[in-house]
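Database features (Swiss-Prot):
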ACT_SITE  D158  active site
BINDING   E84, E109, D136, D158  S-adenosyl-L-methionine binding site
BINDING   K162, D194  substrate binding site
REGION    1-42  region 'Disordered'
Amino acid sequence: MTVVVSDHQNPRPPGDDAAPLGRTGNRDRPPGSFFGRRKGHRLRPHQNDLVAQLLPRLGFDPARIGPSGPAALFDPPVDETRIEIGFGGGEHLVAEALAFPRAGFIGCEPYVNGMAKILVQIEAHAIRNIRLFAGDASQLLACLPPASLARIDLIHPDPWPKRRHWKRRFVQDATVAEMARVLRPEGEFRFVSDIDDYCAWTLTHLARSPDFLWLAERSADWQDPWSGYTMTRYGRKAMREGRRAAYLRFRRERTAV
């Protein structure tokens, strides 16, 4: 990983040369858009049963979230709500839910196989503080009231490496603004990727937002996982293949509007 960081407060991210922006003619992700496959390998019989029976109980319609916010989705009540966007096999999300039983977690994953995998883990651990949304995360964020989330995690997202596909990346000016709206003051957006270009892209987009501060004072702050981080299967594969990830944390500033 070659992201350049200076060892001082609020280091500057790479410039536009590292991540050219706005040259596709579409800066912002189209609302309600999803790009990619929704189903891959055939599900096992028990996974099919869980998708048919358990997923409807844990799923919800974002349009029905009222002024009380996503915390109302959970019973027993929770102290705060966090979201993980594109949770893959669910390793990180499940570990977080088990480690923080007083927090509510929403997992967004349109990929059916990912949903099936996490449902198996939810059943095995009798987890009660996870809710699932099998759609586009930008649609969910648009339905949330202001300052209703404590954290948003985006871990090893699809980098869409081809230039003509950059508009499909989740991190866009519009989604950064939406995250600032739904995160409470001092809330965090956390991003993990082993793709240099997407890390530079994310740093550049967040740096030009007045609503976020990059929480890195030294190189170790982004080169090493934060405390308690659970490595995903993809993350372990990247390490085996010699690719080093960056772990970026951004705080939602109190001056955001």
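Placement of Cβ uses the backbone N, Cα and C atoms for every residue, glycine included.
Feature map: Swiss-Prot annotations on the structure.
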residue: E84; record: S-adenosyl-L-methionine binding site; contacts (Cβ under 8 Å, 6+ apart): H92, L93, E96, F105, I106, G107, C108, I152, D153, L154, I155
residue: E109; record: S-adenosyl-L-methionine binding site; contacts (Cβ under 8 Å, 6+ apart): G86, F87, G88, G90, M115, I118, L132, F133, A134
residue: K162; record: substrate binding site; contacts (Cβ under 8 Å, 6+ apart): none
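When the recorded positions D136, D158, D194 are compared by the number of other CB atoms within 10 angstroms of each CB, D158 has the fewest.
Secondary structure at E84 (S-adenosyl-L-methionine binding site), as computed by DSSP, is strand. Neighbouring residues of the recorded S-adenosyl-L-methionine site, listed in sequence order and excluding E84, E109, D136, D158, comprise I85, G86, F87, C108, P110, Y111, A137, P157, F170 (Cβ within 8 Å of the Cβ centroid). Annotated pair D158 (active site) and D194 (substrate binding site), C-alpha to C-alpha distance, rounded: 11 Å.
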